[in-house]
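What follows is a single structure, written as structure tokens, with notes after it.
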């Protein structure tokens, strides 16, 4: 670590850290976990040119980095506590980039009531690279898993599906984006943290790689299949305006960070109550047909897509 | 995440994971921390061309990645439990590189009795990038900190200092390395985990950035200075053979992953007992002269070095 790295840590990251992080001046953080709780641990990285565009605002890169990880915790039904961070910047990366990045972290630390436990900052000659290890907690035995879906379970999704990938298409100039709605959805997903889903759903996963691919994980992990009605997959009014030509893109694009939930159809009222103001839509049913996902169009005819999921940029 | 990434995870990483990691098929790990213990959390990254050389054996890269993080826990007096991993490889990175890397992880998981909690694997167009977030534990209130040194404390180091940086000089062809001793010390440091130092030392840090720079952290954090006798700084017989021309390199080079300990001189016998077979050498004394580190040569004359610490390759 070079002297300027110590300065950068003191200036930008130390203000984000809590007592456990020992002002980031020690070798590691020392933290008393909440007694009687299980911890939920996840890590995700974001690399320039792969997970974000070079021109994306740095504060949004930071917030999306946190939110991707928060979404993984949300998919487990866990409450977030704090995170560890790595950054690898080029020597030519402007100081303002780091300042804006740190501002984004600070902003979402407040939004989600989380803190910085520690980090590692270094230089790279390649694309900018950042990662977050996020730590949350659940009551013992209540974590939502990908494995528990049962045949006949109703399949629900939160929010709307496909806006983020249309944001990517907008950044590429392939689709209009009045009011920057799609762009905002790509840059600032809203992870569904804090929903009291324990005991209501059999299985859960977040949509990071695309609706169909992530649904496929729920199916594979339970030895099941699924039937989805494409017309039921919730879309924003902006996506509806974009038209049916984008259907495959929306259902296979990633970065939505909505939740897919498998639950008994009878649980729907309780599930709606648990979701509160978060929109919840039933889109299909789990079946006993192992790993067979059928997407029906409005006439009941199965659709065939060239790809299932998300390959990043 | 692409399909081949799922295959790679299943093939190389899932066998490294324990039950808490849910076979790496879920969004996050679910783990019950040891009751009544504080957790110790740290993260470190290794980037090709910065922290390792492109030709370094991948199993050694993996093991050094773990060991750098284990050393941070050792410096806190913490016992390691497990880790989360990120990897970013190029499309052209051979599968054999990943296989060897995973072998290295498996080998050191056995050596240090740790497990894989989770990870994220992606592609990059730049240098290979890996990081580890390591989790350990201590009895409440017993973590060793960088802050507690007092004037008059004796300064000790474990092992020998400067072999790793001579390994780097050997890789550059600047110094002979019979028997690859220096090279091995660079590629496979031995973190001093498991020493029962709690209650014996006032402050501790591991030597990652170079003896003088890391000692400077102990001084700065305590508002103190230090006097070091260069002739007392322990060196391997290979380093001794290399001669005094390498003194500055040895004292300012990084990657030793030995411990610097500040403790009352009267604690020396107990400290030696705690260190068991790990060599322990007294090299100097903490002083009240804020941030003033004096390195004396054998005649008592202060040495002046062009640089304090490690800037990586």
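Cβ from N, Cα, C; glycine included.
TrEMBL does not curate its annotations; it predicts them automatically.
As recorded in TrEMBL:
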- A:27, A:42, A:72: Mg(2+) 4 binding site (BINDING)
- A:51, A:255, A:310: substrate binding site (BINDING)
- A:209: Mg(2+) 5 binding site (BINDING)
- A:26-138: domain 'PurM-like N-terminal' (DOMAIN)
- A:150-291: domain 'PurM-like C-terminal' (DOMAIN)
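Annotation: A:72 carries the greatest number of neighbouring Cβ atoms among the binding-site residues A:72, A:255 [cut-off 10 Å, Cβ to Cβ]. Counting in whole angstrom, residue A:209 (Mg(2+) 5 binding site) lies 6 from residue A:255 (substrate binding site) by their C-alpha atoms. Listed binding-site residues A:42, A:209, A:255 compared with chain B at a CB cut-off under 8 A give A:42, A:209 as the close ones. Across all of the domain 'PurM-like C-terminal' (A:150-291), the predicted model scores a mean pLDDT of 96. Candidate binding-site residues: A:51, A:209. Fewest other C-beta atoms within 10 angstroms, A:51. Look at residue A:27 (Mg(2+) 4 binding site): DSSP puts it in coil.
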